[in-house]
C-alpha cells in the first residue's frame, strides 16, 4: 500500500475507535516534510498545528490546510485546546515538555506526525534543545544524547506507533480496539465517573460545611469539564456566586466553556459568567489568599501548581471547596500534591473526600498515543510503596554513584529513581527527566540497603569559572548559564572569588516515603560530602524553598544557611534559601565569609522585603548565624530596664530591644520559654516593624495598650534570661 493509503487506514482506525495515532517519520528534513505533505493531503484536518521549523518547507503545502505554526516555547498556551492533527519537527529540536503538552491537544480520531532525524544517528544529532540543559562552559557536542538514545529504543520497540523511515523500514500500526461506544447522560457527562464527580461537587456545595473534595485524574478524563458542568447546574439552581481559581486564568477556559454552554442567556466575558446576577468568576490564588471574597463554593483547578502555603490559606478561609488536579501534570506533580496536601487536609479537615477519575472522555481507553507519550516522558513513573518491606540490617548500606550510560538501558531503575523524585518534589516536568540523563554537570547518587534504593540525590558540579568573568558576575553585569549557587554567593553576598572555586549543588534529594524520618537523608548527604571532598570539591550546598523543616534537615546534615531570597518563588510560595558546607580550607573560608556577610544583611532586610517571612523561618535562620555584633552594652541594659519599668516609649528604646530580640531568638534555651504566638509577636513587631494595629489583630490583643504592656513583660523576661 502507498503511504497515502496507509495513513487513510490509520485515520479510519483512529476515528472508529475514538483514539489517536502516532506516525514517526524519520529521515532528512526535506524528505520528512515531503512525507508529511502526502499524509496531510489524506488527513485534511480542520485544525493543523505545526511545531518547529516550517519556513523552508512552505512551498510543499500549497493547496493543503495551512498550519498554525508555533515554537515549542509556546506549547503551554495550548493547554486545554484541541487540534485535529499535530506535526512536530524534531529537526528544530525535540522539546520534551512541548511533546508532552501538545500530544494532549490531539483529539479523538486525530494523528500526530513526529518528524525526526534518521533514527540511527538521531542520538548524535546536536539537538537545538540542548541549549536548555547545557551549562557554561559546555557546548552542544558535550551532551551525550542519552535521552535520544532511549527515545530511539522506545520507538523501535513500541507497538503503539507507526514508523516510516527514509532508510526503507515501514511499520504501520494495526487497529486493536475496533469500536468504542460513546457515553452521554442528561447533563452532558461523557462517562459515569465524570457524572459521579459532578454529583460529588454538588454535595460539597449543598451538604455539610468543611468537607472539601479532592478530584484527581489523568488528562483527558473530563475533570475540568466536570467542574464547569457542576458550576452551571448550581448557578441555574440559584447559587449566587461560585469562585474559580487556578495557576492562571487560561487554565480555567474549559471550566468556563462548559458552564457557558449550559447557561442560556448569560453574559460571558473573560473570567466571568453572569446569569441574571448570579456569577461564576475567576480570582487569582494570591488575591484570594489576601482578600476574602464571598462565594457559595470555591473551585481550585490544577491545585498541584499552586503553592501549598496558598492552598492552606484557601482551605482555612473557605468552608466549601473543591480541589482538582491532573495526576501527571506539567504545572505540578499531582501525585506529590496528593501525598503532601493530604496531610494538611487530615489536620484541618479530617472529613475531606477524595475522588479519582480513571476513564478518559476526550478519547477512548488504551489510547496508543497517550500510552507512548507517558512511557517516553515517564509521566507514569511511579514508586511502589512497600509498606511490608523489612530491612534486616540497617548497617548494610551501599552508597554509589549511578552510571548514567547504563541507566539509559535500565528502564526499571530509571523509573524507580525518577518516580522517587516525582513523588518527593513539588514540581517535576519531562525536561527534568532529560536533564537527569543528559545534564552536562549532573551526577546521581543513591543509597541502597539490601538492594533497595531508599534515597537518591542529584548533584550539579558548579564553579571553576574563569577569573576574567568573575568581576563582571560580581558586579551583576554578566551571568553564565547554570552555576546558580556560586553566582548567588558572588553577586548577592559580594564574594567575588566564590565563582572560581569548585562546588557541588544538591539539586534534588529524596527518600522513600515509608523510610523517612530515619536519618537516611542525612546519611546520603554525609556520604555525598565525603565523595565530593575526595574529588577535590571546595564546598557542597543547595538552594530550596525555605521552610523551617528543610532548614532543620540541612542543619542536621551539616549545611548552614548563607542566603535567603528577597521575593517569593512562584512555584512554591516560599523564599529561596541557600545552605553551604565547606569541604576544603578554601571552602571553609568561603563559608565563614558568607555567614559573616549574610548575618547583618538578613537582620536589615527583615523590616523591608522580608517583612512577611514566617516567624519560624526567621528563628531558624537566626539560630545559625554569627551574631556577635548584637551583644548588649551597658547602655543597652539601662535602656531595656527603663523600658520594662514602663517609663520609656518602645520607639525610644528600639535599638536595644532589637539587639536583645535578635540574640535571644537565636538560642533554643530562650525560645522554649515562650509560646509560639509570643515568638510571632516579637518577630513581627521588633524585627519586621509591623504596625501596632497589625500585631494587635494578629495576636488577638484588645488594643495597642495591651500589646505594648505585653511587649514590656516579654522584654523583661528576655533580659532576665540574657543576664542569667
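Please read every residue number as a count from 1 along the shown chain.
Using the three backbone atoms N, Cα and C, a Cβ is placed for every residue, glycine included.
Summarising the annotation, TrEMBL assigns domain 'TmcA/NAT10 N-terminal' to 6-163.
TrEMBL lists 194, 362 with the feature ATP binding site. Look at residue 194 (ATP binding site): DSSP puts it in a helix. Taking a C-beta cut-off of under 8 Å and a sequence gap of six or more, residue 194 (ATP binding site) has these contacts in its own chain: 221, 222, 225, 226, 357, 359, 361.
If you take every residue in the domain 'TcmA/NAT10 helicase' (214-380) and average the pLDDT, you get 89. The domain 'TcmA/NAT10 helicase' annotation in TrEMBL covers 214-380.
The domain 'N-acetyltransferase' feature in TrEMBL is assigned to 417-530. Residues in the domain 'N-acetyltransferase' (417-530) partition by DSSP class (helix H, G, I; strand E, B; coil) as 53 helix, 30 strand, 31 coil.
If you look up TrEMBL, you'll see 509, 510, 511, 549 marked as acetyl-CoA binding site. Under a cutoff of 8 A between CB atoms, and with a sequence separation of 6+ in the same chain, the neighbours of residue 510 (acetyl-CoA binding site) are 420, 421, 423, 424, 425, 455, 456, 457.
Highlighted in sequence order, 424, 455, 516, 521, 553 have their Cβ within 8 Å of the centre of the Cβ atoms of 509, 510, 511, 549, the residues recorded for acetyl-CoA, and are not part of that set. Across 509, 510, 511, 549, which the record gives as binding acetyl-CoA, the greatest C-alpha separation is 15 Å. Counting every protein chain shown, the number of other Cβ atoms lying within 10 Å of the Cβ of residue 509 (acetyl-CoA binding site) is 23. A sphere of 10 angstroms centred on the C-beta of residue 511 (acetyl-CoA binding site) encloses 22 other C-beta atoms. Sequence-distant neighbours of residue 549 (acetyl-CoA binding site) (same chain, 6+ residues apart, CB-CB distance under 8 A): none.
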